[in-house]
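For 27-38, the entry in Swiss-Prot reads compositional bias 'Basic and acidic residues'. Marked as disulfide bond by Swiss-Prot on the basis of experimental evidence: C118-C179, C145-C208, C149-C210. Residues or ranges marked as N-linked glycosylation site in Swiss-Prot: N126, N162. Residues or ranges marked as region 'Disordered' in Swiss-Prot: 21-56, 78-113. Summarising the annotation, Swiss-Prot assigns signal peptide to 1-19 and lists sequence analysis as the type of evidence.
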Amino acid sequence: MKLWDVVAVCLVLLHTASAFPLPAGKRPPEAPAEDRSLGRRRAPFALSSDSNMPEDYPDQFDDVMDFIQATIKRLKRSPDKQMAVLPRRERNRQAAAANPENSRGKGRRGQRGKNRGCVLTAIHLNVTDLGLGYETKEELIFRYCSGSCDAAETTYDKILKNLSRNRRLVSDKVGQACCRPIAFDDDLSFLDDNLVYHILRKHSAKRCGCI
């Protein structure tokens with residue numbers, strides 16, 4: 001808890017304790033019927049005299065004051081210990097924020113060392129950039145397959161690779177698993193700069209796999 005939160009809680013407790021009714025043993029006895037008229041006239045003086053008597057407050061007031069003092073003392077000692085109570089994830093996050101260069105370096109090394117496998121990658125291009133001879137301002141999202149298929153190798157693929165390495169299959173060319181599209185996007189329709197209508201089929205990958 002922050003200091004202001006604790007102070008607010010203490011003020012609420014103090015207000016609650018001051019609002020408690022007086023104990024039964026400390027309530028003033030009721031005046032007889034004939035003296036009520038006189039009691040009404042003396043009421044302002046009685047209230048002023050009672051307000052100056054701290055012994056009429058309930059015993060909980062002293063407990064609340066002790067609690068407030070103990071809480072303030074604890075807060076003065078606690079800032080140095082708050083770091084030890086934080087979870088490990090929070091401490092690591094604070095350390096990374098203090099040393100951004102170190103955290104970036106570790107993240108880059110981790111990405112380089114991790115094998116992504118065969119994944120689908122997207123890039124924003126103009127249809128003219130595809131190199132198919134179209135002159136147009138039409139744009140598209142081109143998706144292609146990239147990555148390694150080493151993790152998808154079967155025992156058959158390993159045997160063929162070993163036989164090729166040992167030159168046991170010299171006369172035959174053995175193909176390896178490649179990361180290629182196994183499904184394609186919908187056809188793309190567009191007009192070129194000469195207002196000629198064209199349709200591109202199987203132009204962009206939709207799903208990838210090792211084949």
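Start at 1 and count along the chain as shown; that gives each residue its number.
For all residues, glycine too, the Cβ spot is worked out from N, Cα and C.
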Inset, instruction - Using C-alpha positions only, work out which of the recorded positions C118, N126, C210 is nearest to C145 (disulfide bond). - result: C118
Inset, instruction - For N162 (N-linked glycosylation site) and N126 (N-linked glycosylation site), determine the Cα separation and express it in whole Å. - result: 44
Inset, instruction - Cα within 10 Å of C149 (disulfide bond) is the criterion; apply it to the recorded positions C118, N126, C179, C208 and give the hits in sequence order. - result: C118, C179
Legend entry - Rounded Cα separation (Å) that holds between C208 (disulfide bond) and C179 (disulfide bond): 7
Legend entry - Which same-chain residues, if any, lie at least 6 apart from C210 (disulfide bond) yet have Cβ under 8 Å of it: C118, C149, A152, A177, C178, C179, R180
Legend entry - Tertiary neighbours of N126 (N-linked glycosylation site) (same chain, Cβ under 8 Å, six or more apart): T136, K137, E138, E139, L140
Inset, instruction - Let me know the DSSP-derived helix, strand or coil state of C149 (disulfide bond), please. - result: coil
Legend entry - Cβ neighbours of C118 (disulfide bond) where a neighbour is any other Cβ within 10 Å: 21
Legend entry - Packing count at C149 (disulfide bond) (other Cβ atoms within 10 Å of its Cβ): 19
